[in-house]
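Annotated features in TrEMBL:
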type	residues	note
DOMAIN	13-342	domain 'Acyltransferase 3'
TRANSMEM	50-72	transmembrane segment
TRANSMEM	93-115	transmembrane segment
TRANSMEM	154-174	transmembrane segment
TRANSMEM	179-198	transmembrane segment
TRANSMEM	210-229	transmembrane segment
TRANSMEM	241-257	transmembrane segment
TRANSMEM	263-280	transmembrane segment
TRANSMEM	301-321	transmembrane segment
TRANSMEM	333-355	transmembrane segment
Amino acid sequence: MENSNYIDTLTPLRGIAALWVVLYHYDQLTTFTGLDHLVSQDSTMLLAKGYLFVDFFFLLSGFILAHVYGSRFQHGINLRSSWNYLWARFSRLYPLHVFCLLTHVLVACFLILGFPNVWDKFSHMYALKGIPVHLFLGQAWGSDYWLTWNVPSWSISAEWAIYMLSPVLFLFLFKKKGVWPWVMSIISFTILGSIVHFHVKHSLDTTFDWGIFRCFAEFTLGIVVYNLYQEGFLKKWLAKDLAFVVMALITLLGLHIKINDVWIIPCFALVILTAAYNQGKVQQVMKWPMAQYLGEISYSIYMMQGLWLSLYWMGLDSWLANRPGIVPDTWTLLALVMSLLFVNMVSAAWSYHNIEIPFQLKLRKMKFKRLFNFQ
């Protein structure tokens with residue numbers, strides 16, 4: 001298999017994961033206002049476990065970046081290849097990150113000028129000391145200001161930290177058949193198991209404190225899964241449409257019944273592997289233009305959610321405070337959330353075409369040959 005081939009079956013999975021995380025956050029913020037969950041956890045944990053799709057992102061990121069960049073570091077690391085790789089990743093992440101941060105600055109100004117009562121209650125979300133932390137992508141590095149401004153961007157901070165380390169991971173793991181992939185897999189699952197064990201909720205839902213370790217473990221496992229893909233591991237069976245459907249259902253069942261979070265990671269890995277192998281009906285569905293587009297704008301969906309989540313939280317909290325004793329019914333809240341989800345997707349499409357891609361292309365065209373004496 002040539003690593004230059006585009007694995008189109010994986011693209012829609014990014015979009016699905018992004019939407020799942022967004023819905024999870026709406027559910028959590030609803031409870032922050034004192035209301036019940038949008039979907040009762042007594043009936044299913046599918047929504048309550050939505051944070052695990054961040055883990056899916058980390059795992060998929062390791063897989064895809066191994067596919068695209070792994071061969072560059074397979075036999076060694078040099079300054080030029082490392083710089084080009086990191087600059088490519090930076091140009092993908094940073095422009096939209098800064099744009100989203102600016103939207104929250106505008107919201108803060110809007111609250112100060114027009115809604116002082118709301119500002120008094122939520123000003124901690126807009127701490128000025130948090131801006132440098134966000135600008136330098138330090139939210140997931142044990143910062144006290146991760147729960148500020150564009151809160152979901154903590155995972156981008158974690159990813160950037162692992163990106164800087166990933167050339168070394170590719171060197172030791174990419175297409176390696178020795179002991180290193182096994183050792184790193186054991187270390188990765190040990191890290192994940194430790195996070196679950198020590199987490200106050202015994203889950204993988206850790207962000208500013210253990211977020212980097214969470215990302216490191218799953219990114220590493222993503223590279224190992226890519227090695228299995230390259231070797232054609234169980235391809236005869238896993239390439240079948242039924243294999244993908246079965247693994248997707250097993251994963252959903254695991255989320256539904258609340259099994260230990262660590263066990264979901266191998267399920268995610270097999271979903272990725274079966275999707276990557278597939279060239280049948282599943283691939284045909286995944287190649288639908290809308291499915292592909294959803295995946296393409298997934299980063300914008302994820303990053304733009306913070307704006308609409310903040311407005312939802314502050315708006316709902318203020319509405320309830322002005323109407324003591326009145327509780328909106330669940331269907332009304334669900335309708336509101338779905339409306340905001342649609343707005344989130346529209347704004348994501350706009351930011352994808354006007355911020356994410358244009359600035360990514362501009363940054364990648366910048367030359368640094370003199371600075372690094374590239375030949």
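Note: Cβ is positioned from N, Cα and C throughout, glycine not excepted.
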The transmembrane segment (263-280) and the transmembrane segment (50-72) contact flag, 3+ Cβ pairs under 8 angstroms: yes
Leading stretch by Cβ pairs under 8 Å, where the reference is the transmembrane segment (93-115) and the options are 50-72, 154-174, 210-229, 301-321, 333-355: 301-321
Beyond the flanks of the transmembrane segment (301-321) by at least 6 residues, Cβ under 8 Å: 15, 18-19, 21-22, 25-26, 29-30, 32-35, 57, 96-97, 100, 103-104, 107, 111, 115, 117-118, 121-122, 125, 149-153, 155-156, 294, 327, 336-337, 340, 343-345, 347-348, 351
Same-chain residue ranges lying at least 6 outside the transmembrane segment (210-229) that approach it to Cβ under 8 Å: 1, 55, 58-67, 70, 140-141, 154-155, 157-159, 161-162, 165-166, 169-170, 173-177, 181, 184-185, 187-189, 191-192, 195, 199, 204, 265, 269, 272-273, 276-277
